[in-house]
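Structure first, commentary second.
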Amino acid sequence: MSPLTVRAVRAYLPDAGGGADYHDQPAGHWIDDHIASPMAKYAEYRASRQSFGLHLLGTVVVEVEASDGTVGFAPTTGGEPAAWIVENHLAKLVEGAPVTELERIWDRMFLSTLHYGRKGLALNAISGVDLALWDLAGKLRGEPVHALLGGAVRDELVFYATGPRPDVARDLGFIGGKVPLRHGPAEGEAGIARTVAALAQLRDAVGPEFWLMLDCWMSLDVRHAARLAHALDAVGLRWLEEPLLPDDYWGHAALRKRLPAGMLLSSGEHEATRYGFRLLLELGAVDILQPDVGWCGGLTELLKISALADAHGALVVPHGSSVYSYHFVATRHNSPFAEFLMMHPDGTEVVPMFRPLLLDEPVPRGGRLAVSELDRPGFGVRLDPSCELRRPYRRPSP
Ligand SMILES: C[C@H](O)[C@H](O)[C@@H](O)[C@@H](O)C(=O)O
Ligand SMILES: [Mg+2]
């Protein structure tokens, strides 16, 4: 019997916001409420990250159809430009390939886009195709992706929650709460004082044992980050996250040496491929790597990043990406917990992270998720038919 091949690759855009581009939310959502960013040095862009376009790309849904009609899919961030890359470039390299050749397909997608890729949008597009191929592989075998990855090393996943209410996260059973930094260097000492007061209040609310983390979303410089970290020493932060520009590997390494004892440094959600993460590891820049499986190159690349990190004794706790990272976390010894992004508008309820895109999207209950809840073929989720999709770069069927 001839091997199954990829018959078609398609890229769709949902008509609704949210989904994989979870920053694409209506006004008033906590995730766009005065959160520090590199653009906050410009006062007009300080109150909202949407004001400088953080939400503009939107979600892209990639489908890969096998020659027997089976379809795998995955969403990621990238919107219409990513759809163009998938339909007008990557599809040329993927259509006709045996569905089992994920490594060779990945290599061809990465090498053929080097002249405009390496990181960012092109790697988001490659990640979407790669994740859709893993979903297809599971569906063809009738196995959940975690089984294809060598099987679970734990029976349940435990989660920390990212959002504005770590007090609610604690009551919901999460192991920790990560809050966004709101005041960057442009707000000077007054900004530091406001952050210290807010975090001290949160520490009082959650008690001494509950993990508290601060996500700085690339907004600081080494000097300000070191000053802020020491001002927060009494709060007992578990880690300081992504304080500097992602390309400032050297700054991360210098800052890590200047943090208070016991405060870890995490980064990586805007990094891509084993090459970028190798630089973070070899410079001793981070304690915890946080690749996003929809942005770093997909699951095929995340496995390489994970093995490299493991050899360096670093943890890999993927940036919130719903089921697309849960199957991975379930199977990796150096991924002891996972992130859950609280996408409810005020962060007080657990709702599916990629809503309104998916059906059967599992969510933590009591801050935990049994691996058995992932035991459906592929990534175990379906597209919600009520979420309209359009295909802007439709090509004639092969
Ligand atoms: C909450 C943070 O500001 C980001 O919006 C979030 O997407 C990311 O940095 C995270 O770690 O979840
Ligand atoms: Mg982050």
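The first residue you see is number 1, and the count goes up from there.
In case you wondered, yes, glycine gets a Cβ from its N, Cα and C as well.
As recorded in TrEMBL, the features of this protein are as follows:
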type: BINDING; residues: HIS23, ARG49, GLU339; note: substrate binding site
type: DOMAIN; residues: 166-262; note: domain 'Mandelate racemase/muconate lactonizing enzyme C-terminal'
type: BINDING; residues: ASP215, GLU241, GLU269; note: Mg(2+) binding site
type: SITE; residues: ASP292; note: site 'Increases basicity of active site His'
type: ACT_SITE; residues: HIS319; note: active site, proton acceptor
type: SITE; residues: GLU339; note: site 'Transition state stabilizer'
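On the structure: features taken from TrEMBL.
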residue	record	Cβ neighbours (10 Å)
HIS23	substrate binding site	19
ARG49	substrate binding site	22
ASP215	Mg(2+) binding site	21
GLU241	Mg(2+) binding site	26
GLU269	Mg(2+) binding site	22
ASP292	site 'Increases basicity of active site His'	26
HIS319	active site, proton acceptor	24
GLU339	substrate binding site	22
Between ARG49 (substrate binding site) and ASP215 (Mg(2+) binding site), the C-alpha gap once rounded to whole angstrom: 14
Site extent for substrate (largest Cα pair distance over HIS23, ARG49, GLU339, Å): 21
Sequence-ordered binding-site residues from GLU241, GLU269, GLU339 with Cβ under 6 Å of an atom of ligand 2: GLU241, GLU269
The domain 'Mandelate racemase/muconate lactonizing enzyme C-terminal' (166-262), counted residue by residue under DSSP: helix, strand, coil: 51 helix, 13 strand, 33 coil
Rounded Cα-Cα span from ASP292 (site 'Increases basicity of active site His') to GLU269 (Mg(2+) binding site), Å: 5
By Cα-Cα distance, the member of recorded positions HIS23, GLU241, HIS319 nearest ASP292 (site 'Increases basicity of active site His'): HIS319
Rounded mean pLDDT for the residues that make up the domain 'Mandelate racemase/muconate lactonizing enzyme C-terminal' (166-262): 98
Top Cα neighbour of GLU339 (substrate binding site) in the set of recorded positions ASP215, GLU241, HIS319: HIS319
Residue pair GLU241 (Mg(2+) binding site), the residue listed as 'active site, proton acceptor' - Cα distance, angstrom, rounded: 11
HIS23 (substrate binding site) versus ASP215 (Mg(2+) binding site) - Cα distance in angstrom: 15
